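Novice: Before I ask anything, let me first share the structure, which is written out below as structure tokens.
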Amino acid sequence: MSQATMHLPAQIGDYTDFYSSMNHATNVGIMFRGKDNPLLPNWKYLPVGYHGRSSSVVVSGTPIRRPNGQTRPDDANKLGDPVPVQQAHDHIFGMVLMNDWSARDLQKWEYVPLGPFTAKNLGTTISPWVVTMEALEPFLCANVPQDPAPMPYLTHSDHYNYDINLQVDIKPKGAAAATTVCKSNFKYMYWTMKQQLAHHTITGCNLKPGDLLGSGTISGSTEDSYGSMLELCWKGTKPVPLNNGETRTFLKDEDEVILKESEKASKCDPQISFELRVAPLLYMYGNDREGAFRDRLEHIYH
């Protein structure tokens, strides 16, 4: 038996970690925030949790390497080898459009201290075709100047930003046409994909073929280039007008959302394109679509 090689009991598809010990949460709260605010208000209203990395779940006995620069290891470090920023391109196959759906009212309440949980796990939509990095080379442009200078493990001098015009359209049920509510550009991203990948793996977190890394919401500096409804309506205070006379602060049931590339550069292959068409937003589960849960959340907020 001592010579047997142990393996994981199952192929781990997804991994969720909860924060459900009141004593632990209180102790950490005292250490991080002080005795006056030991337990966050949302803790007793929902089981706080976060989505972790299934790729770094390993069987007992597997060595765990200390992350570079870290002097306070705890019982949750990962394994693997960092990907140097200079080699990151070799690990990036291509790009798709992606929309990670967000329930902003839930997010406001649950995101502290571990980040969003149920506010972000309802669904993520991606376009069906991957545009390879080789096909995107004509879109290459200068990186955004970074101040302060990034750490050495994040530093690269070659261009790795992309001049890709993008737009977001909303089409309510029954509307004759969609309304463009946002026009932005991928070149506004402060951190490059190389830097994101290098940072993701600096602790030894291992990646797997097919891993999906989102760039983050792509917003420009002008109001019409904001990349989320949260920004476009400024937290619900500025309704966004639609072509059919309706307005939106956030999406309504049966709204259709279209993300796509716009105004293609003439030097690029016309067959290279992005489009993500999201099926109409469905009604919530259960019989109460009038917002009793939302009212309860608002009561808790205030």
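Please read every residue number as a count from 1 along the shown chain.
Here the Cβ of each residue, glycine as well, is placed from N, Cα and C on the backbone.
What TrEMBL records for HIS24 is active site, proton acceptor. Annotation comment: TrEMBL describes ASP17, ASP100 as Ca(2+) binding site. Annotation source TrEMBL lists substrate binding site at TYR19, ARG33, GLN107, TYR111, THR217. Annotation comment: TrEMBL describes ASP100, LYS120, THR124 as Mg(2+) binding site. Annotated domain 'Fumarylacetoacetase-like C-terminal' per TrEMBL: 17-257, in sequence order. Look at TrEMBL and you will find 59-79 tagged as region 'Disordered'.
Tell me about the surroundings of these features in the structure.
Specialist: Sequence-distant contacts of HIS24 (active site, proton acceptor), defined as residues of its own chain at least six apart whose C-beta falls under 8 angstroms from its C-beta, are absent.
According to DSSP, ASP100 (Ca(2+) binding site) sits within a strand segment. Counting every protein chain shown, 16 other Cβ atoms lie within 10 Å of the Cβ of ASP100 (Ca(2+) binding site).
Non-local contacts of ARG33 (substrate binding site) by the CB criterion (under 8 A, 6+ apart in sequence, same chain) are absent.
Cβ-based neighbour count (10 Å, all protein chains) for LYS120 (Mg(2+) binding site) stands at 19.
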Novice: May I ask you to report the DSSP-based helix, strand or coil state of LYS120 (Mg(2+) binding site)?
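Specialist: In three-state terms, LYS120 (Mg(2+) binding site) counts as coil.
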Novice: Check GLN107 (substrate binding site) against DSSP and tell me helix, strand or coil, would you?
Specialist: helix
Novice: Fewest other C-beta atoms within 10 angstroms of its own C-beta: which of the binding-site residues GLN107, THR124, THR217 fits that?
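Specialist: Minimum Cβ neighbour count within 10 Å, taken over the binding-site residues GLN107, THR124, THR217, occurs at THR124.
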Novice: Within 10 Å of GLN107 (substrate binding site) (Cα-Cα), which of the binding-site residues ASP17, ASP100, LYS120, THR124?
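Specialist: Within 10 Å Cα-Cα: LYS120.
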